[in-house]
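Read through the structure below, which is laid out as structure tokens, and then see the notes.
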Amino acid sequence: MAAKEVKFGDSARKKMLVGVNVLADAVKATLGPKGRNVVLEKSFGAPTITKDGVSVAKEIELKDRFENMGAQLVKDVASKANDEAGDGTTTATVLAQAIVNEGLKAVAAGMNPMDLKRGIDKATIAIVAELKQLAKPCTDSKAIAQVGTISANSDESIGQIIAEAMERVGKEGVITVEEGSGFENELSVVEGMQFDRGYLSPYFINKPDTMVAELDNPLLLLVDKKISNIRELLPVLEGVAKAGRPLLIVAEDVEGEALATLVVNNMRGIVKVAAVKAPGFGDRRKAMLQDIAILTGGTVISEEVGLSLETATLEHLGNAKRVVLNKENTTIIDGAGAQADIEARVAQIRKQIEDTTSDYDKEKLQERLAKLAGGVAVIKVGAGTEVEMKEKKARVEDALHATRAAVEEGVVPGGGVALVRALQAISELKGDNEDQNVGIALLRRAVEAPLRQIVANAGGEPSVVVDKVKQGSGNYGFNAASDTYGDMIEMGILDPAKVTRSALQAAASIGGLMVTTEAMVAEVVEDKPAPAMPDMGGMGGMGGMM
């Protein structure tokens, strides 16, 4: 095991503070409408230019191991805020830096670190409760566009396209961000339920010009097994032929004789039919088949529930207005399932999302939720160069997270004003002793840091602006983009309450832990001498090269 170096007390805290400040100073340069860019070196290819706080934080590793520990802890603040709300990483970093700097000053002055932390925690709880009181619901498209615009560093086109996407697919719909091929941002929406399985045979195509199979007012047979014997299907096919409606078969697989017979029947026009594999694998396949059944008002034919193909009737089949199949995807439009059943299924999936700890499972469950509840929108980001494309895509993703957070917990006045207004919650707050009161006062100063930094980045005088904002009330604040004062909400400067809340909670959590640090342990880096050149042994046979 490698030897370790241990630092204690002030010498440990000083080293940690250096790391905190290096990382935070790089990140906070990006805050606000007049925030600057940061250029990140890449091991190959062009450097990346970004105004995204978490991207800057992730790149920073310091040579000194003790300083690096401080930097990594602040990086954790940014990641925590990003994981919970998807945005607010720069605000969280600025808050953490302010808490740590103020806190370590108090520790150096002889305050008890544990009581300081208790004071910080008390004040944080009070401010979070006040932020919830200040939050206004965010329901209309205009407010959603404004939140998106602010989060995308004042790019109105991004705010607008996100608001349009949310309007089209609903608040629960899935919105994905992809790299486009043009200069402009584009939005495409898939309505209905789409899953990534295409037709099993090109002979099902009935629209050769677009290479799709389209079924109008079809019945849907959902089967949880492979179908290879046509005899099993005959009772259902006869019933469907009598009803004179097309049929879509969704099964684990349709193969051999069964598939051949379906193709022949389809080509002869006896039964208009198409077959597709069920989406997903294993348990997820069963769950997705059940989703389709609920959406279309059908029943999954499964031996687990005592149903077999031979006994299936038309009552077991689902209904939809239209189904479109291409080579890769199947889209079911306007399923005939009961609204109450769909809502119950949505609530069930939502509960599973809350309970799961795996990010992959969460993503898949959210996709299922969107397919049932709304639809899927794809934002294709357009840009002039590859470097700009990457930077813009990161901003669109940030803005998307921010708008989702705004819909979830409402909006508060932006530009650091909400935190200043929430200070009233701790104006009378008292701790159990004087050291806790210092912790509360410390947070009172720290929550002004985001507003001060926004003003500093815009070239203003932070103290003057903070005083003027404090003299106002309600939504009154400073618009750094136009250097004017006024009602932040009327000026369209909004922050999601969830983003502000999670930024403060993450900063107070890590800040409190750093203030109470007493020792740091790191590996000793030994300078290994460079290996000597091997003896070439005279290199016989090379005498004539002089």
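Please read every residue number as a count from 1 along the shown chain.
From the backbone N, Cα and C atoms, a Cβ is placed for every residue, glycine too.
Some features that Swiss-Prot has for this protein:
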type	residues	note
BINDING	30-33, LYS51, 87-91, GLY415, 479-481, ASP495	ATP binding site
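Feature map: annotations from Swiss-Prot on the structure.
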residue: THR30; record: ATP binding site; DSSP class: coil
residue: LYS51; record: ATP binding site; DSSP class: coil
residue: GLY88; record: ATP binding site; DSSP class: coil
residue: GLY415; record: ATP binding site; DSSP class: coil
residue: ALA480; record: ATP binding site; DSSP class: coil
residue: ASP495; record: ATP binding site; DSSP class: strand
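All protein chains shown were included, and the count of other CB atoms within 10 Å of the CB of ASP495 (ATP binding site) stands at 31.
Cβ environment of GLY415 (ATP binding site): GLY32, LEU451, ILE454, GLY477, PHE478, ASN479, ALA480, MET488, ILE493, ASP495 lie under 8 Å away, each six or more residues apart in the same chain. Neighbours of LYS51 (ATP binding site), defined as other CB atoms within 10 A of its CB across all chains, total 21.
In the structure shown, across all protein chains, GLY88 is the one of the binding-site residues GLY32, GLY88 with the greatest number of other Cβ atoms within 10 Å. For THR30 (ATP binding site), applying a Cβ distance below 8 Å and a minimum sequence separation of six or more within one chain yields ARG36, ASN37, VAL38, THR50, LYS51, ASP52, GLY53, VAL56, THR90. Just so you know, the Cβ of ALA480 (ATP binding site) picks up 25 other Cβ atoms within 10 Å once every protein chain is counted.
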